[in-house]
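Report on the following structure.
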Amino acid sequence: MKLAIVGTGYVGLVTGTCFAEMGNEVVCVDIDAQKIDKLNRGELPIFEPGLEIYYERNRREGRLHFTTSLEEALPESEVIFLALPTPPGEDGSADLSYVLGVADQIAQWMAAHPETGYKIIVNKSTVPVGTADRVREIFESYGLTPGEQFDVVSNPEFLREGVAVDDFMKPERVIIGTRSPRAAEIMTQLYEPFVRQGNPILVMDERSSEMTKYAANAFLATKITFMNEIANVCERVGANVDEVRRGIGLDSRIGKQFLYAGIGFGGSCFPKDVKALARTAEEHGYAFQILKAVLDVNERQRRLLAERVYERFDGQLEGRRLAIWGLAFKANTDDVREAPSHVIIRKLLEHGADIVVFDPEAMENTRAVFGDAIRYARSMYEALEGAEALVICTEWNEFRRPDFQRMRDRMARPLIFDGRNLYHPKRMAAMGFEYYSIGRPHYPPHTNPDPALLASTTDGKTSA
Ligand SMILES: NC(=O)c1ccc[n+]([C@@H]2O[C@H](COP(=O)([O-])OP(=O)(O)OC[C@H]3O[C@@H](n4cnc5c(N)ncnc54)[C@H](O)[C@@H]3O)[C@@H](O)[C@H]2O)c1
Ligand SMILES: O=c1ccn([C@@H]2O[C@H](COP(=O)(O)OP(=O)(O)O[C@H]3O[C@H](CO)[C@@H](O)[C@H](O)[C@H]3O)[C@@H](O)[C@H]2O)c(=O)[nH]1
């Protein structure tokens, strides 16, 4: 099939590349000329594991193209995906100006070129309930007839950054929101190769499809927030959230995934989508109480580690050197949108701390936000040089089994605030580290740690 993807960001680029991998001919469009230049030179503008191999192959075989010109992409395309930003507006509602603006451009072009025939406009952006209807009305306002010249489909995307290619290639479900049998048939054909293992393609009405996306994200954000609150109570009553997580996760009604307590959820989706759903409910006269609590608790959780550091130093952070490991909002991405690390850095900077950061992939994006206000280390160990504390914000694998002796040698004092529960508290204390994590007991550090313990690079999280 011939496809256009408008918006070549995290979603658009993965979508376009994966459709090309299945043999479709894809043109990706973006207004960002630098991004398109880069892609046409053979460079990926984002870090996403597994993407490069498909991108290179499909570009080489001529199935994947990039352009800044929407007009160039439209004539041949049978299906046009919108993977455009829907950032939160001032009141939390999703800003639809990108989606509606591009829909208008496409409708205008189609009205001027009726000979190009039937096209499907697919909303892959996360959009409020009713957006498919609004897009359809735009096309109708140009005299175009639904079912004959066009159809609008809601097709929300559920990929996670860091595992986006896998999620797209093997989705647990595909949701197609349309009441048009013609559009449903074409969309089903397009997605069939992705669900060979028997996962379902669900066809439903547009509004239910749009709501499904928000319900999924809001539910997952609530699940994480619930665990963060459990962790906070665990700390107060002397329980260990790791044990509690294992204990409840084995109940199949609860499930093992998405139960990791930490420093609050971030990223470009959960915070904005929870706000947007709460706002939609409000606009329809309903106060979605749980979501308000989720947003409040998450704000508090994102500040937690910075407050802990502040208290540990009795409010004296002026000029104190602090190291941060991990800047991305989660591991395996370079994305720092709504990253808890940034909230923590901002708080620590307010108190005058001297911050040195390291992240394997998110340094450039962080530099674009903080510039010279913080320092950037070339390695995780360099960041520790003379640091009075280490704050861990992202669960990158390379932080899981570090050389603890090397860490101690570099740090001005062996003090760690771990927002991702990477190490075992007892073992850390035995190695002489003052170690604070989330929802787990704190043990006073041994004053004369056994050198043999430090010499082994494992923290023994699983064995201790
Ligand atoms: N990032 C995710 O993991 C994820 C997953 C599922 C759904 N979503 C949703 O998908 C949508 C896109 O998210 P994203 O993370 O890919 O955003 P992004 O910011 O990475 O990408 C959006 C792209 O659209 C481009 N753009 C803006 N205006 C344009 C225009 N008029 N014409 C052409 N291109 C234009 C931007 O330059 C940018 O490259 C959002 O609604 C988001 O909520 C995101
Ligand atoms: O047990 C957990 C799981 C996640 N998180 C945090 O939650 C946030 C989101 O993580 P994740 O869902 O893995 O990443 P995203 O790429 O933001 O993906 C979410 O948002 C996308 C955009 O809508 C959806 O497509 C995905 O299905 C949905 O998982 C991150 O800050 C994680 O650190 C936790 O704190 N604990």
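Using N, Cα and C of the backbone, Cβ positions are placed for all residues, glycine too.
Curation does not apply to TrEMBL; its annotations are automatic.
Record check: TrEMBL places Asp30, Lys35, Thr86, Thr126, Glu161, Lys272 at the NAD(+) site, and the matching candidate among Arg320, Arg321, Arg337 is Arg337. Just one of Lys119, Lys213, Lys292, Lys426 is listed by TrEMBL for the same substrate site as Phe158, Leu159, Arg160, Glu161, Phe258, Leu259, Tyr260, Ala261, Gly262, Gly266, Lys330, and that one is Lys213.
Here the Cα atom of Asp30 (NAD(+) binding site) is found 37 Å from that of Ala261 (substrate binding site). Of the recorded residues, Thr86 (NAD(+) binding site) and Cys269 (active site, nucleophile) place their C-alpha atoms 10 Å from one another. Between the binding-site residues Lys35, Arg160, Lys272, Arg337, the minimum number of other C-beta atoms within 10 Å of a residue's C-beta occurs at Arg160.
Its own atom aside, the Cβ of Cys269 (active site, nucleophile) has 25 Cβ atoms within 10 angstroms in the protein chains shown. Long-range Cβ proximity for Gly266 (substrate binding site), meaning a same-chain Cβ under 8 A and a gap of 6 or more residues, is found for Arg302, Phe329, Lys330, Arg337, Glu338, Ala339, Pro340, Val343. For the domain 'UDP-glucose/GDP-mannose dehydrogenase C-terminal' (323-425), the DSSP counts in helix, strand and coil order read 36 helix, 18 strand, 49 coil. Taking Cβ-Cβ distances under 8 Å and a sequence gap of 6 or more within the same chain, the neighbours of Phe158 (substrate binding site) are Asp167, Pro171, Glu172, Arg173, Lys213, Ala216.
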